[in-house]
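This report concerns only the one structure given below.
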Amino acid sequence: MMSISPIVSLRRCDNEPSMPDEWRLYKLASRLRTFSNWPFTEDCACTPERMAEAGFVHCPTDNSPDVVKCFFCLKELEGWQPEDDPMDEHKKHSPSCLFIALKKKAEELTLSEFLKLDLEHTKIKMQKQMNLHIERFQAKANEVRGHLEKLDADETQ
């Protein structure tokens, strides 16, 4: 399986209480709604229900119709086969995900438990954003270094 970075589109239901989209994803039904065009639906291990239970949301791209991302640890996976078990794949590719380590449903968490869990989720998001900015900065620094080295080489000739 390969990791890529799609955007998740979350449809809202009229009967859901007002809350941030990210909090809505703690609910199984909200994650399940993202699988409307999932390529595996019957006679397979990776049904939409099992994918959502494992914490995944479906975020397809034109080139990758089977891309999913854990709403919590942000691990992105694609290249699913009908026999792939979503929970096993999640544990294999992101063993430290706190969502899959929960011993109860997210809806059963106390407010304190939920807020602690969401704090960890926020840290994960911030780390991912920071890593992205660092990668962009390093790429730009390498580009500038190349230009400077070329200028230096031109001057010494």
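Using the three backbone atoms N, Cα and C, a Cβ is placed for every residue, glycine included.
These figures come from a predicted structure and were not determined experimentally.
Some features that Swiss-Prot has for this protein:
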BINDING   Cys70, Cys73, His90, Cys97  Zn(2+) binding site
MOD_RES   Thr47  phosphothreonine
REPEAT    31-101  repeat 'BIR'
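Here the features listed in Swiss-Prot are painted onto the structure.
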residue : record              : CB count, 10 Å
Thr47   : phosphothreonine    : 17
Cys70   : Zn(2+) binding site : 23
Cys73   : Zn(2+) binding site : 22
His90   : Zn(2+) binding site : 24
Cys97   : Zn(2+) binding site : 20
Where His90 (Zn(2+) binding site) sits in the secondary structure, as DSSP reduces it to three classes: helix
Cβ-centroid neighbours of Zn(2+) site Cys70, Cys73, His90, Cys97, 8 Å, sequence order: Ala54, Gly55, Phe56, Phe72, Leu74, Lys75, His93, Ser94, Phe99, Ile100
Reported mean pLDDT - the repeat 'BIR' (31-101): 94
Distance [Cα-Cα, Å, rounded] between His90 (Zn(2+) binding site) and Thr47 (phosphothreonine): 14
In sequence order, the binding-site residues (Cys70, Cys73, Cys97) whose C-alpha falls within 10 A of Thr47 (phosphothreonine): none
Residues in the repeat 'BIR' (31-101) grouped by DSSP into helix, strand and remaining coil: 21 helix, 9 strand, 41 coil
